[in-house]
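The structure appears right after this line, and notes come after that.
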């Protein structure tokens with residue numbers, strides 16, 4: 001056996017080691033459009049895989065694969081925690097979203113998604129938007145987060161923000177014995193589509209906010225909003241948000257915000273927000289517990305949007321979405337109580353609850369093969 005052959009076998013073995021927890025990984029290549037993408041299906045015990053598609057100029061295929069594998073596994077737990085009948089998946093497109101997009105590229109991507117026969121449903125994520133997926137929808141009906149004009153649920157930031165507020169209410173219940181949002185001080189990092197709605201909801205209940213955002217107009221808007229409520233807003237610098245004398249830190253921007261540096265600065269009693277992957281490592285969940293800071297697992301708190309897009313695949317029913325989103329309150333309380341009872345971190349408690357649900361379903365159905373059929377189909 002030649003050195004080249006040995007090297008190839010080692011690389012193949014390493015690849016299978018990396019995806020050992022996953023059911024399926026699809027490498028998509030279309031030279032005509034320049035499409036290079038990876039679709040990772042982690043687990044379909046609960047139903048077809050569901051997860052967004054992001055587009056980034058990854059430095060290597062290996063980096064893109066790592067992202068797809070990590071994010072798809074996270075979606076499995078998020079779906080299980082949200083009590084929706086879907087498993088975890090994720091797609092990544094290798095390319096610069098500012099330069100490399102084209103209608104043809106997303107139609108090619110749609111063809112690859114459709115080839116999976118309903119095992120994977122996807123929609124927008126970092127670097128992609130609904131305009132991109134209107135093109136993909138010409139090749140597949142396995143697209144979620146569809147605009148209302150196409151029969152979808154519309155803006156998913158609304159139920160996402162609502163879920164965050166329910167998560168905060170549950171956190172306040174655990175901290176103070178009552179779930180009122182008003183009369184509590186919050187430090188909100190990020191006033192994007194979700195963060196701004198969360199801030200509005202808290203202000204309307206009479207909360208006191210420290211806020212930071214890179215957009216000056218957004219900061220001015222939330223200060224104007226505060227004038228119409230019994231709440232108040234104080235704008236702080238981005239690097240000062242972690243050290244505010246607040247009750248609850250509400251991260252609504254980016255991940256990894258609970259790390260060695262911020263741990264030294266936190267003066268809050270709890271953390272509950274919409275940002276994904278807030279803990280830089282699992283160890284930081286333990287560090288928070290040791291410091292007496294209550295942590296609301298992000299993938300439960302921010303699951304309102306997922307609940308809506310999962311609901312789309314059957315028939316949009318906003319009342320049903322609202323009712324399911326309200327259960328985030330109960331889920332977070334259950335996590336807190338279980339963590340306290342078992343003397344484990346809240347993240348460990350949340351993961352354990354999800355694994356128990358998957359194990360129970362796995363005794364009846366361990367592999368999803370048939371397709372859910374959404375009502376829209378604009379394929380040519």
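Quick reminder: no glycine exception, Cβ is built from N, Cα and C everywhere.
Positions annotated as NAD(+) binding site by Swiss-Prot, on the basis of similarity to another entry: 54, 125, 156, 160, 190-196, 213-214, 253-254, 274-276. Counting only same-chain residues at least 6 apart in sequence, those with a Cβ under 8 Å from the Cβ of residue 276 (L-phenylalanine binding site) are 74, 255, 298, 299, 302.
In the three-state DSSP scheme, residue 276 (L-phenylalanine binding site) falls into the coil class. Residues or ranges marked as L-phenylalanine binding site by Swiss-Prot on the basis of similarity to another entry: 78, 276.
In this structure, residue 90 (active site, proton donor/acceptor) is part of a beta strand by DSSP. Annotation source Swiss-Prot lists active site, proton donor/acceptor at 90, citing similarity to another entry.
Sorted by the number of other CB atoms within 10 A, the binding-site residues 192, 195 start with 192, the lowest. Its Cβ placed at the centre, residue 54 (NAD(+) binding site) has 21 other Cβ atoms within 10 Å. Residue 160 (NAD(+) binding site) and residue 78 (L-phenylalanine binding site) have their C-alpha atoms 13 Å apart, to the nearest angstrom. In sequence order, 39, 40, 42, 51, 52, 53, 54, 67, 68, 71, 72, 75 are the residues near residue 90 (active site, proton donor/acceptor), counting only same-chain partners six or more apart with C-beta under 8 A. Taking CA atoms as the reference points, residue 78 (L-phenylalanine binding site) and residue 274 (NAD(+) binding site) are 13 Å apart.
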